[in-house]
Amino acid sequence: MAIIGLGTDIVEIARIEGVVERSGERLAKRILSELEWEQYQQHEKPVRFLAKRFAVKEAAAKALGTGIRNGLAFNQFEVVNDALGKPILRLYGAAAALAQQLGATSLHVTLADERRYACATVILER
């Protein structure tokens, strides 16, 4: 296997909290998939959840080599967790098409957060 894309993003959680305080749920509705939205509404720490999802979606867009533009949207990336809690990245729409065009056969994602920051790294392999 060869790495064909790598993206990392770090988010200051207080920044996301400020956006949520100013604009309510608009950011969450814009970046989360339907499944993630349901999880966000039930989450014990919704701002932290949102910050981690924002970071992973930015990291994934960077791994694809584009960022969020040229037809890519935040809701085309979705994070689910396996039975052990490991994050799994799913791609839809233009994001999935671009990954296929690049020849990606495997996606790896890791998320981490501390008191002030959330970060994510995404690797695409073929």
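Please read every residue number as a count from 1 along the shown chain.
Using N, Cα and C of the backbone, Cβ positions are placed for all residues, glycine too.
The Mg(2+) binding site annotation in Swiss-Prot covers Asp9, Glu58, and the record cites sequence analysis as its basis. There are 19 other Cβ atoms within 10 Å of the Cβ belonging to Asp9 (Mg(2+) binding site). Taken residue by residue with DSSP, Asp9 (Mg(2+) binding site) is part of a strand.
A simple way to gauge crowding: the CB of Glu58 (Mg(2+) binding site) has 22 other CB atoms within 10 angstroms, across all the protein chains here.
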